[in-house]
Every structure is written in C-alpha cells, then in structure tokens.
Amino acid sequence: MIEVVGLTKVYPDLAAGDFKAVDRVSFTASSGEAFGLLGPNGAGKTTVLRILTTLLKPTSGVSLVNGFDCVRQEELVRNQIGFISVGTAVYDRMTAWEFVEYFGQLHGMNGPKLHERMEWLFDKLGMQDLRDTLGGKMSTGMKQKTSIARALVHDPPVIIFDEATNGLDAFAARASLKIVSELRDAGKCVIFSTHIMSEVERLCDRIAVMSHGRIVDTGTPEELCDRHGENDLEELFFRLATSEPSPPADALSVTGEAAP
Amino acid sequence: MLGAADEARLMRRLRYQTVRAQLKQVLTTARLRTGLVILLSVLFWIALFAMFYFGLEFLVKHVGPVGDQYHAQTIEFIFHLFFASLNVMLIFSAGIILYSGLFASEETRFLLTQPLRPERIVQHKLQEATLFSSWGFFLLASPLTIAYGLVAEAPWHYYALIGPLILAFVYIPSGIGAAACLLLIRYLSHLRLTVAALVASLAVGAAGWAIWETVRTPQAELFGAEWFNDTLRRFRFTQSEMLPSSWLSNALLDAASPPPTIPLPLDQTPAVRALMFLALLVSNALVCQLVVVTIAKRTFRRAFSELECRPRAPRRAGLTTIDRVAGWLFRPFPAPVQLILMKDWRLLRRDPVQWSQFLIFFGLLGLYFLNINRFSAPGSNLNHTAWINTVSFLNLGVVGLILSTFTTRFIYPMISLEGRRFWILGLLPVSRRTILWSKFLFAALGSLGPCGLLILTSDLVLGVDPLVVGVHQFTMMLLCVGLAGLAVGLGAAMPDFRESSPSKIAAGFGGTLNLVLSATYISLIVLLTALPCHLYLVAQGSGLNVRFLEGSRLIGWLIGGAVTALLLATVTTIVPLRRGIRAFNQLEFY
C-alpha cells in the first residue's frame with residue numbers, strides 16, 4: 001500500500017549549507033495496518049509525510065502510494081490519500097457542509113452517493129450541528145472534525161495523520177484516535193505521526209523511530225522493547241531519539257526491518 | 001506598576017526597537033523592492049503635483065489671477081471641500097485601523113496581560129493607526145499645497161507651515177475616530193457592524209446626493225455663474241468655522257497670501273492669522289489626545305472584555321439564488337474548473353470587505369457615466385463630436401486603470417492568501433495548472449461583466465458611433481483578459497505566503513510590478529485599438545483633411561492596431577500565466 005525506498009530530502013540553505021531533512025528513509029505499510037512514525041521535533045516525520053502527500057518533492061528515492069508514484073503520478077496519489085495535519089485550516093467563508101462537499105466533488109463524487117457519504121461522516125463525527133457553520137466561526141476542535149470529514153469523504157485507502165491531535169482537547173483527541181482505530185479495522189492503511197507515546201501504544205501495529213532525518217529502528221512496539229531491553233516505550237523512545245543516528249539507511253530493507 | 005513617564009519611555013523604546021529591526025530587515029532582504037516602491041511613490045507624487053500645478057495654473061489663466069474674487073472663491077471651495085472630505089475619510093480609516101489594532105491584534109492581547117495602563121496601550125496603537133490612516137493624506141495634500149504655493153507665489157513661511165499644519169490636523173480626525181471606536185465597542189459591541197455600516201452608508205449617501213444635486217442642473221446652465229454660486233452654497237457647510245479642515249484650509253490660504261500692502265493690526269496680518277490657526281489645530285489635537293486617553297482609561301479593558309464575551313450565535317450560510325445563477329454561468333467549463341470557480345465566487349460573495357469596495361468604485365463611475373451627457377454641448381457640432389470622442393476615450397482609460405488597481409488589490413494576492421491553507425491547494429485532486437486557469441477565468445469573467453457594462457453605459461449615454469461601441473467592447477475584453485493574466489500569473493510566480501494581509505501583499509514588490517505593468521499594458525492597448533478610431537471620427541466631424549487618416553490608411557491602422565493589440569494581449573496573458581504555472585508547479589509547501 002505504501003512503499004518508501006531510500007527517500008531523501010535536502011533543503012538548500014545558502015547561509016548554513018544544505019540541510020538534509022530526510023536521509024535515505026525506507027519503510028512499507030500495508031492495508032489494515034496503523035504504522036506510526038515517531039520522533040522528536042525536527043526528526044523529519046512531517047517531511048516524509050508531505051512527500052507522501054505530494055506537497056514536497058523528494059531529492060532522491062522512491063515513494064509509492066497504492067502503486068502510484070508520488071512524483072510522477074501526483075494527482076492519482078492525491079486521490080488515494082486523506083491527509084489530516086496539525087495545521088488545520090478551512091476556508092473562513094465556507095460552511096462545514098460546503099467544504100466537505102467541495103472536496104468530495106473534486107474527487108469526482110456527486111449526487112446521492114456523495115450526500116449519503118457526507119451524512120454518514122457528519123453523523124459519525126458528531127458534526128450535524130455545525131454543518132451550516134462558517135469556517136471562520138469554528139473552534140479548533142470543530143475545524144479538526146471538518147478536516148477529518150474532508151480527508152475521508154472520498155473513502156481513500158490510505159489515511160495520513162500528521163500530529164493531528166496536537167492542540168485538541170482531550171475529548172476531540174480521543175474521538176480522533178477512535179476514528180483512526182476504526183479506519184484501521186476497516187482495512188485502511190493508516191500512517192500516524194506523533195510524539196505522544198500513549199497514542200502509539202494504543203493504535204500502532206508497527207512503528208519507526210526517526211531521529212535526525214533517519215529511521216533509527218523499526219518494528220512492533222513489543223519487538224522494539226525486546227530488542228533494546230526496555231519495558232517502557234517512552235524510555236525506549238528517548239533512548240533511540242537521542243542516540244546518534246545509525247549508518248545510512250541503506251542498511252534498512254524495504255520492509256523497514258534492520259538488516260542483519 | 002511603573003510610573004507613567006517610565007511606562008511611556010518603555011513603549012517609545014519598544015517602538016524604536018521594532019521600527020529599527022523592521023528597517024534593518026527591509027534593507028537587508030528587500031532592497032530592490034523597497035527601492036522600487038519608493039521610486040514609484042515619488043513618480044506618483046510627481047504626477048499628482050503636475051496635475052495640481054497645471055490645474056491651478058489653468059485656474060489662474062481662465063478664472064482669474066491670484067487676488068481676484070472668483071479665484072479666491074474657487075480656491076477656498078477646492079481647499080475646503082478637499083480637506084473636509086479627507087477629514088471624514090480619516091475619521092473612518094483611523095477608527096477602523098484602531099479597531100483591528102486594539103481588538104483583533106495578538107500584540108494587544110499580549111500587552112493587556114502586562115502591567116501596563118490601558119490608555120498607554122491605546123496610545124501605542126493610536127500612533128500606528130494615525131500613521132497608517134494618514135499616509136495617503138500626506139501623499140495627496142503635499143503636492144496640492146506645494147503646487148498652490150508655487151502658483152500663488154507664496155512666501156517662504158507658507159512652505160514652512162505646511163508640515164506642522166498637516167501633522168496637527170491629522171491627529172484630530174484620528175482622535176475622533178479613536179474615541180468613536182472605543183465608545184462604540186464599549187457600549188454597542190453587539191451592534192458595531194450595524195452602526196459602522198449605517199454611518200458609512202449615510203456618508204456615502206450624503207456624498208452621492210451632493211454630487212447628484214451638483215450635476216442635475218439644467219444642461220444650459222451648467223458651469224454658468226448661477227451654477228457656480230449654487231455649488232458654492234451647497235458645499236458651504238465644508239467651510240464651517242467649527243471644522244478642523246476649515247482651520248487647515250484657512251491657515252494655508254492665509255499663509256500663502258502676500259504680505260499686506262497697507263498697515264494692519266498684528267492679529268490681522270495673514271502670517272499671524274495662519275499661526276493662530278496652527279495654534280488652534282495644535283490645541284485641539286492636544287484636547288483630542290486628552291479625550292482619547294480619558295476614554296481609554298475608563299473603557300478600554302471593559303470594551304475588550306465586552307467584545308470577547310459577546311454572545312456568539314453560529315453564523316449560518318447556504319446556497320442562494322445568486323449562487324445558482326453563478327453555477328449556471330460556469331456550466332460551459334470542465335467540472336473541476338466549475339467547482340473552483342463556484343468556491344471562489346462564494347468566498348467573494350460572503351466577504352463584503354472585498355465586493356463593497358468594488359461596488360462603491362464602480363457605482364460612482366456608473367453614476368458619473370449616467371450623467372455624463374449633461375456636460376456636453378450638442379449645439380456645436382465640431383466641439384460636440386470632439387468632446388464625445390475625447391470623453392468616451394478617457395472613460396475607457398479610467399475604467400481600465402481602476403480595474404488594474406482592483407486586479408492588483410484582489411486578484412494578485414489570491415495565491416499568496418492560500419498560503420495559510422497550503423495543503424488545501426497542495427492536496428486538491430486537480431492539477432495546479434487547472435487551479436491557476438480557474439483563478440484566471442474567475443478574474444477575467446468577473447471583471448469583464450461590470451467593466452463591459454460600464455463602458456457600454458458610457459457609450460450609449462454619450463451616443464457614440466456604433467463602430468466606437470464595438471471597438472470599446474473589444475478593447476475592454478482585451479484589458480480584462482490581459483490584466484487577469486498578469487495578476488494571476490505574477491501572483492503565482494511571486495507568492496508571499498508569510499503575509500496574511502492582502503493590502504500588504506499588493507503593496508509589495510510583486511504587487512507594485514503588477515500595477516506598473518498593468519498601467520503600461522492599458523496605455524498600449526487603448527492607444528492601439530481606440531485611438532485610431534477616435535481620431536478618425538474627430539477628423540470626419542471636423543472636416544479635417546489629414547493624410548494619415550484617409551480611408552485606406554485608416555482601415556490599415558484600425559486593423560493593424562487591432563491585430564497588434566490582440567497579439568499583445570495574448571502575450572500579456574499567456575507569458576505571465578505560463579511563468580506562474582511553472583513556478584506554482586515547482587512550489588513546495590514546507
């Protein structure tokens with residue numbers, strides 16, 4: 001479903017020299033799986049996700065979403081994904097219903113099929129009372145719900161959450177996480193970026209810990225704990241995230257497993 | 001809490017450091033842009049100065065020399081009307097800018113959490129509001145006053161007094177606007193928009209009524225002595241001794257007067273009278289400061305709280321008939337384009353700040369066009385033909401120039417403004433090319449409707465030749481398409497995602513470049529398409545026998561001009577759009 005091989009992103013910086021935000025990252029994620037990308041701020045998680053969503057172009061490497069190339073088949077990739085970011089934004093002068101409908105129509109949906117899907121989403125997310133509310137009048141939680149509905153309206157096979165619970169209150173965050181787990185159970189491929197360990201423990205089938213643009217290690221939470229002799233995932237995260245990055249990710253296979 | 005003097009010193013230091021940091025940043029990162037903005041402002045100032053200077057010279061030649069009764073009356077009328085109008089505008093703009101500075105600013109939110117006096121915060125923001133609201137006033141008033149000084153051969157002290165007079169004056173309307181803003185929010189926060197809209201409508205209505213009353217005079221009497229006296233009488237209120245604008249006008253006129261030839265009491269000499277008016281302005285400015293400080297002390301924190309805690313009903317919006325009409329109009333386009341056009345239309349329709357400016361400008365132009373034939377003199381064939389052609393030609397240029405300011409202010413920043421919602425653009429399942437073409441179509445079609453209608457109104461009211469009507473519509477189409485292409489293309493090629501204010505984006509390098517290129521484009525297109533046609537008709541009407549206007553040559557000129565204009569329009573539309581699409585495609589959303 002998602003296949004990333006040797007992905008590298010270098011930002012040119014005339015003053016400080018080129019900055020390698022992502023350095024030969026490789027991993028895969030499949031249907032019905034919640035794959036977590038963990039790492040401190042600046043580790044490169046968001047850059048990887050933005051490459052997957054075609055917002056950024058990689059310097060080198062390959063990234064495929066449902067078989068479509070993120071560089072050469074951008075529009076097809078965008079049809080395969082639903083992206084929910086921490087930078088939630090909606091049009092101030094569009095209602096929640098119009099906003100979600102607009103995206104549904106852009107994805108080629110129309111008529112009863114679109115409206116049935118929207119009704120289902122609005123019920124599911126508890127949004128019926130804000131369907132006619134303008135974006136400019138919404139709270140952060142309302143905007144986030146609208147964004148989730150927008151990302152899911154075309155029923156994409158791949159859902160990407162980029163620190164999507166940041167800034168949400170406990171109720172809204174809990175509702176978002178519930179949706180992630182339901183999507184995973186419904187057979188979607190969910191890529192989930194966070195630095196909150198409780199969310200990882202609760203949701204992710206497999207995780208990759210990133211530091212300084214590289215994947216430090218990857219596996220199920222249990223595997224990682226066993227491999228590094230840690231019982232506590234949070235302690236493990238601190239250890240991996242603050243350790244010196246391992247040699248270039250050439251050593252990682254495309255399945256994300258560390259090479260022997 | 002700090003003492004008042006220490007607090008004031010601290011805020012002054014804050015201002016100094018902020019300004020210094022901003023200037024340093026501008027000088028290190030945007031020298032070219034700053035240089036160009038300054039250069040264009042200087043050019044604009046020179047053009048205004050030339051216009052005022054030659055206008056005032058015309059007055060001296062055709063109305064009467066300095067010292068003549070008609071000359072004095074006309075100058076008084078111009079100065080009082082000019083400054084009174086700007087007085088009202090300054091009250092509104094200072095009030096609105098202060099409102100956003102005090103009640104919708106992150107800085108104010110922060111300052112309110114600090115142990116600062118509320119009146120200090122209001123003063124801090126009032127300084128900004130005064131500066132931002134009055135820069136346009138300086139830009140307009142300085143060339144007028146200097147041009148008048150030169151034409152009237154004013155003594156040196158006239159020039160020395162211009163600066164202090166204007167400075168003292170602008171503080172009064174700013175203070176009134178500030179006081180009104182604070183009181184409105186404190187006592188009528190829930191009705192603030194209604195009250196502001198009502199007052200603005202009354203002001204616009206009064207201005208419209210005054211203009212209408214001035215031009216509705218029977219045609220034969222227009223510009224006659226009686227009309228002149230009637231007009232003076234109608235606008236006599238602008239010369240009321242109670243208005244600060246009258247003090248400013250009187251001070252300037254007194255200062256420009258030559259020294260008396262006969263001995264007068266000291267307080268009757270023009271120079272001393274000018275100084276007394278200056279003292280009057282300064283003392284009133286200080287009173288305004290005192291009033292604002294007192295009101296701020298008593299109301300600001302409460303007003304802020306009132307506004308934050310006002311009951312908020314969720315605003316609802318839905319599809320209206322006008323949306324359905326727009327949807328029907330967009331039907332010929334491909335589905336993704338239709339959807340983007342419809343989205344842009346809805347966003348525009350629901351933003352009164354955007355369309356009301358468009359409506360006011362084009363409404364005033366429409367009013368003028370509908371009444372334009374009142375100024376013509378059909379009795380004289382030669383003058384009538386020449387006059388009609390000249391006016392219809394100028395109207396075309398004016399509509400084009402106003403349109404260029406709108407495309408710079410509203411269309412050029414469209415892509416930059418999407419920056420805050422970068423992923424909306426980046427994640428749309430349509431190509432970025434389609435997004436830009438949709439923006440272009442929106443701008444071109446949106447401007448072609450009203451502009452074409454305005455020019456048609458002007459031409460029909462003037463009763464111009466059908467050939468001219470056709471040529472004007474063709475020219476307007478080229479202008480709308482070309483200006484839209486320029487604004488959308490340059491907007492995509494030079495986006496500014498860090499700025500959230502459309503006016504600041506438009507005032508930047510890209511916006512300035514867009515305005516300059518638009519003005520050049522308008523001049524070229526109008527000269528290529530409309531000028532030969534008008535020259536032909538003027539020559540025909542006057543019986544002139546000019547070789548280059550002979551039949552075959554003229555047809556060549558008309559066709560050649562139209563083809564060249566078409567080519568120019570194609571290049572002006574396609575090149576910036578292609579460049580914009582290329583830049584937009586390569587754009588990465590960090």
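Count begins at 1; order follows the chain as displayed.
Positions of Cβ are set from backbone N, Cα and C atoms, glycine also.
As written in TrEMBL, here are the features:
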- B:34-55: transmembrane segment (TRANSMEM)
- B:75-99: transmembrane segment (TRANSMEM)
- B:129-150: transmembrane segment (TRANSMEM)
- B:156-184: transmembrane segment (TRANSMEM)
- B:191-212: transmembrane segment (TRANSMEM)
- B:274-296: transmembrane segment (TRANSMEM)
- B:352-370: transmembrane segment (TRANSMEM)
- B:390-412: transmembrane segment (TRANSMEM)
- B:440-462: transmembrane segment (TRANSMEM)
- B:474-494: transmembrane segment (TRANSMEM)
- B:515-537: transmembrane segment (TRANSMEM)
- B:557-577: transmembrane segment (TRANSMEM)
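Contacts between the transmembrane segment (B:129-150) and the transmembrane segment (B:34-55): present, as 3 or more C-beta pairs lie under 8 angstroms, all at sequence separation of six or more. Listed by sequence, the residues of this chain that lie at least six past the ends of the transmembrane segment (B:156-184) yet keep a Cβ under 8 A from its Cβ atoms are 83, 87-88, 90-96, 98-99, 102, 122, 126, 129-130, 133-134, 137-138, 141-142, 145-146, 149, 192, 195-196, 244-245, 247-248, 251-252, 255-256, 271, 274-275, 277-278, 281-282, 284-285, 288-289, 291-292, 295-296, 299-300, 303. Each of B:390-412, B:440-462, B:474-494, B:515-537 was scored by its Cβ pairs under 8 Å to the transmembrane segment (B:557-577), and the highest score goes to B:474-494. The transmembrane segment (B:75-99) and the transmembrane segment (B:191-212) are in contact, since at least 3 Cβ pairs between them lie under 8 Å (pairs 6 or more apart in sequence).
Within the same chain, the transmembrane segment (B:515-537) packs against the transmembrane segment (B:390-412): three or more Cβ pairs sit under 8 Å, each pair at least 6 residues apart. Between the transmembrane segment (B:440-462) and the stretches B:34-55, B:390-412, B:474-494, Cβ pairs under 8 Å are most numerous for B:474-494. Long-range contacts of the transmembrane segment (B:390-412) within the same chain: residues 354, 357-358, 361-362, 365, 369, 372, 375-376, 439, 443, 447, 451, 454-455, 458-459, 462, 464, 468, 472, 475-476, 479-480, 483-484, 486-488, 490-491, 502-503, 505-506, 510-511, 514-515, 518-519, 522-523, 525-526, 530-531, 534, 538, each at least 6 residues beyond the stretch ends and with a Cβ under 8 Å from a Cβ of the stretch. Outside the transmembrane segment (B:474-494) by six or more residues, the chain places 396, 399-400, 403-404, 407-408, 411-416, 436, 439-440, 443-444, 447-448, 451-452, 455, 509-510, 513-514, 517-518, 521-522, 525-526, 529-530, 562, 565-566, 568-569, 572-584 with a CB less than 8 A from a CB of the stretch.
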